[in-house]
Amino acid sequence: MAALGWDECDVILITGDAYIDHPSFGMALVGRMLEAHGFRVGILSQPDWQSAEPFRALGKPRLYFGITAGNMDSLVNRYTSDRKIRSDDAYTPNAEPGKRPDRAVTVYAQRAREAYPGTTIVIGSIEASLRRIAHYDYWSDKVRRSVLPDSKADILLFGNAERALVALTHRLAGGEPIDAIRDLRGTAFMVKPGWRPSEQWQEIDSLALDRPGRIDTHADPYAMEASAAAPKPAADGAQPVRIVPPAARLAARRADRAHSVIRLPSYEQVKGDAVLYAHASRVFHLESNPGNARAMVQCHGEGPGARDVWINPPPIPLTTPEMDFVFDRPYARAPHPTYGSARIPAWDMIKFSINIMRGCFGGCTFCSITEHEGRIIQSRSHASIINEIEEIRDKSPDFKGHITDLGGPTANMYRMACKSKAIEENCRRLSCVYPGICENLNTDHSSLIELYRKARAVPGIKRITIGSGLRYDLAVRSPEYVKELVTHHVSGLLKIAPEHTEENTLSKMMKPGIGAYEEFRQMFEKFSAQAGKKQHLVPYFIAAHPGTTDEDMLNLALWLKKYNFRLDQVQTFLPTPMALATTMYHSRKNPLKKVSADSEGVETARSGKVRKLHKAFLRWHDPENWPTLREGLIHMGRGDLIGNGPHCLVPRQQPARVLAAGAPASAAAARRPAVDKRPVGAPPARKGCNSAPKRASTKGR
Ligand code: SF4
């Protein structure tokens, strides 16, 4: 601060991550945005939370402390899907674990308040964003309050918050008190029960809203054109039909929606009633389109201490020039120099990758990206992206010419959007691609193809690979895109996420059927052969997703065996805060449909034993899983799949070396043969199920 000639900071940002000045790290992005608006920004990275003293390191901020857990929810960061503590932290120098507290937003907010009582506290990031209403918390296995009452923050900014943050900071700098700033989109705060911004506002009970047969009445953007003049009443007093111009009806409806707040069941109600929890989750997700979302309110507490959590509608997506402004800031593109030569895995992973867009309209129920970034795609311009490639080339000392990603939440949604702004603003669907690709969705890949070609032509760039996941159901709409991708941007393996093969599960995930995967696979193999390349798809699957039965997992395992997939990396469903699949996990109800006590139930693997069995099906080839699978198959009445015949999933006998794995001296050696090092998707060394997989060459099919 002394070097900068500052006597104080306007804003002090606190983060649970190491500080890396790169637009993939939220704190850097927010700091650079505020700096561009003339504010003096200090950053406290991974402060020791055991006392308030480290929170005084930069003094008291003139305007506020801005607090985040970092790029991830602190509990997702620290614990596995089996609730075990991870041994490392990718966002910390040398991957050292334990550098941030659990529920970091709450802990940091309390310490900052303790350091400087009365200071304004603003919270944000994915942890605050996805815990803004009462939510099921997998790690404590209970419904928790909104993070607002726990942190006692003055305001919460959710989603990508640049717009709200800049406006908030200017207004605070202009002398407006924090509790007078109640009109910013993308913000949430605590108010007294019954508070309204003005008399104009009406409250709607969510239970009245989510009634059978329909969710709500929406404006019809295709309504017929109106006559220019309003008709006069007939002489006999009869009233003629009056056609209201569509624009006027839309404006009236918008005005209504702009002054409506939906009251969700209270924290106390959803905590004790799984059906009400599922109902609240459903209503919450239906109010996610910035074009028509209404404010929501949820009471926390009872009696005189009760308070409402008020949630304004989500932020308006950034335009392309605004996205460019955010990404074109003068980032150092490096970790803070105080880390010296320490390795930060998250930085190693993204330092040569480029984020070309935000948002996702897929709506996969196990993922919270849509809840955080929204489903309207926000894309950067070609010029801004090419400029970043040149920056990496010119300023990164260890860059060797390989750009490791041109992506985002979904690599091939770049520039995709609804064909009509009016339709988009009135749309209430949770996904543009489920149950099928919406006829209003523009799936044109030409701008992305053009971007790839421009990027390859940048002098000094030797290779560009696409590391982000793809929507293959969209990709097959453009064989030219698949050809471009396969010919130039795959380095042997391409990650792809069917997530499951069974309709029962896919319908709960809101994912396309496995037929779309097959269509993509055929295109992938055809264009790989044309390019003279031996390349493989790496499919990802989720075990124990809500809606998945033991039979579904068995069918998936048989599909994997049929296509000779021996997966190294598999994942078990992790119920993250606010995801729709988490609602299924907790409530055993399907919030994709109207929820009632009698509505569709969702079978969910919750016990460790069943989750372990489901995971074992994904690694059916691993001898260490065979005892679990044998037990499971017998329990399912499918003992016919145990044995040495070609139709069997697991052999009857355990390999000798795995049997000996319990002996300490031989444990490591015993495990070795069970690990298949070949590329995923490559054929097994030996077909059939009468022996353990053999170590094989890397020769693919
Ligand atoms: S493409 Fe279809 S689902 Fe997506 S916003 Fe437009 S109308 Fe809605």
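Just so you know, glycine gets a Cβ as well, placed from its N, Cα and C.
TrEMBL entries are annotated by machine, without manual review.
TrEMBL lists Cys360, Cys364, Cys367 with the feature [4Fe-4S] cluster binding site. Taken from TrEMBL, the feature compositional bias 'Low complexity' applies to 662-672. Annotation source TrEMBL lists domain 'Radical SAM core' at 346-622. The region 'Disordered' annotation in TrEMBL covers 662-701.
Structural mapping of features recorded in TrEMBL.
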{"residue": "Cys360", "record": "[4Fe-4S] cluster binding site", "Cβ neighbours (10 Å)": "25"}
{"residue": "Cys364", "record": "[4Fe-4S] cluster binding site", "Cβ neighbours (10 Å)": "23"}
{"residue": "Cys367", "record": "[4Fe-4S] cluster binding site", "Cβ neighbours (10 Å)": "20"}
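Excluding Cys360, Cys364, Cys367, which define the [4Fe-4S] cluster site, the same chain contributes Gly362, Gly363, Phe366, Ser368, Ile369, Thr370, Pro409, Thr410 within 8 Å (Cβ to the Cβ centroid), listed in sequence order. When pLDDT values are averaged over the domain 'Radical SAM core' (346-622), the model yields 94. The secondary structure of Cys360 ([4Fe-4S] cluster binding site), as reduced to three states from DSSP, is coil rather than helix or strand.
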